[in-house]
Amino acid sequence: MNINRITVFGAGVWGSVIAQHLAKKGYKISLWEHYKDLFDILEKTRKHPNIENFELNSNIELKATLEEAVKDSEMLVFVISSKSVRNFCKQLKPILNGKVLPVVSASKGIEDSTFKTVCEVIEEEIPQLTGYAMSFSGPSFALEVAKGIPTKILVAGPNADLVKKTAKVFNSSPIITVESDDRRGVEYGGAIKNVVAIGCGILDGIGDGADTKAALITQAMQEMHDITVSQGGKTESVYNLSGLGDAILTGMSSISRNRRLGEKLGQGLSLEEARKQVGTIAEGADSVNSVHNLARKNNLKTPILDAVWQIVCNGEDKDVLLKALGF
Ligand SMILES: NC(=O)C1=CN([C@@H]2O[C@H](COP(=O)(O)OP(=O)(O)OC[C@H]3O[C@@H](n4cnc5c(N)ncnc54)[C@H](OP(=O)(O)O)[C@@H]3O)[C@@H](O)[C@H]2O)C=CC1
Ligand SMILES: O=C(CO)COP(=O)(O)O
């Protein structure tokens, strides 16, 4: 696999930081963004409005159309919100025109109606990519990676050779990549940890502290485990970087948008108001329903995740979470 040009879809904070990381390594990057206002700002200033002291590397070219974005590309990286992936693939498919190339998803979510992971949605919509989609997931705040703070991220996919080569592409300071053959387990962990982070935020909003959040994470990990394993994921992935590692990061850090959304809910704000105040996407608010429905469908006992669902989706009082924890 000889890679020179990589396309990154989504110039949000994580997409831009990934593009920068790869550009600094010497890859030529085509960065595509669908939101015209953001595209125009990036093109005009080369600075990202949501990342401090961040100027796009000269190896990054902004691409306004999908045709331009995929031209000469040897790898695609998806960093758009998970719920927009299916429609996005419908636009991308005719443009790829049967082309086969490795695809990496850095998005974290589970589709509501189908319970499919982002890689599975990509492969379903663009069948020639089946076996070529990999997940890139682990504890990695874009804002910390942008500052050069070290982290470890899993690259997971069904083809060991492709995973090895892709891990090499992404591996360089401050990111150490770790290879995995359990894409499902990695993607489920990455999606469910966002719901766990909302739960931790709710506790913050109520005024409870790190002690209570640590108890929540510990109990919720069993629920993450049971759901993931029921879908064919491995136990070892649940307790690896994308599950446990990312649950600790997002549940405990003030940076996490999912945790911040939960905090607003815990303070009594409605979901709509909480979303507005957080401003940017909080994937957990979309995944909470799919996670809940999946647990019900499989008759799994998931009291912590159910309580978060009741608060987020039904507007229940936040005390249901304390009750679920046994307080
Ligand atoms: N930020 C982080 O630290 C990390 C984020 N992630 C994951 O990465 C993904 C992106 O997050 P992040 O970059 O932080 O979020 P941002 O809100 O900063 O960016 C989201 C990106 O998705 C794009 N998008 C939204 N809707 C559509 C659509 N209909 N079609 C095409 N593109 C669309 C956005 O465009 P627009 O500007 O129009 O909204 C934007 O480029 C999420 O799944 C998140 O969980 C993973 C690890 C770390
Ligand atoms: O997934 C993330 C870090 O690994 C980002 O989490 P938030 O979306 O909650 O900020």
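Heads up, the Cβ atoms here are built off N, Cα and C, so glycines get one too.
The NAD(+) site recorded in TrEMBL includes Gly10, Ala11, Gly12, Val13, Trp14, Gly15, Arg257, and the single candidate from Ala133, Ala142 that the record places there is Ala142. Among the candidates Lys63, Lys193, Lys301, Lys318, the residue that TrEMBL names alongside Lys108, Gly138, Ser140, Asp246, Ser256, Arg257, Asn258 for the sn-glycerol 3-phosphate site is Lys193. For the binding-site residues Ser140, Asp246, Ile281, Glu283, a Cα to Cα distance of within 10 angstroms from Asn258 (substrate binding site) holds for Ile281, Glu283.
Each of the binding-site residues Asp246, Glu283 was scored by how many other Cβ atoms lie within 10 Å of its Cβ, and the smallest score goes to Glu283. If you measure from the Cα atom of Ser140 (sn-glycerol 3-phosphate binding site) to that of Ile281 (NADPH binding site), you get 16 Å.
Asp246 (sn-glycerol 3-phosphate binding site) has its Cα within 10 Å of the Cα of these recorded positions: Lys193, taken from Trp14, Lys108, Ala142, Lys193, Glu283. Summary for the recorded positions His34, Lys108, Lys193, Arg257: the Cβ-based neighbour count within 10 Å is maximal at Lys193. Checking the recorded positions His34, Ser140, Lys193, Ser256, Arg257, Asn258 for a CB within less than 6 Å of any atom of ligand 1 leaves His34, Ser140, listed in sequence order.
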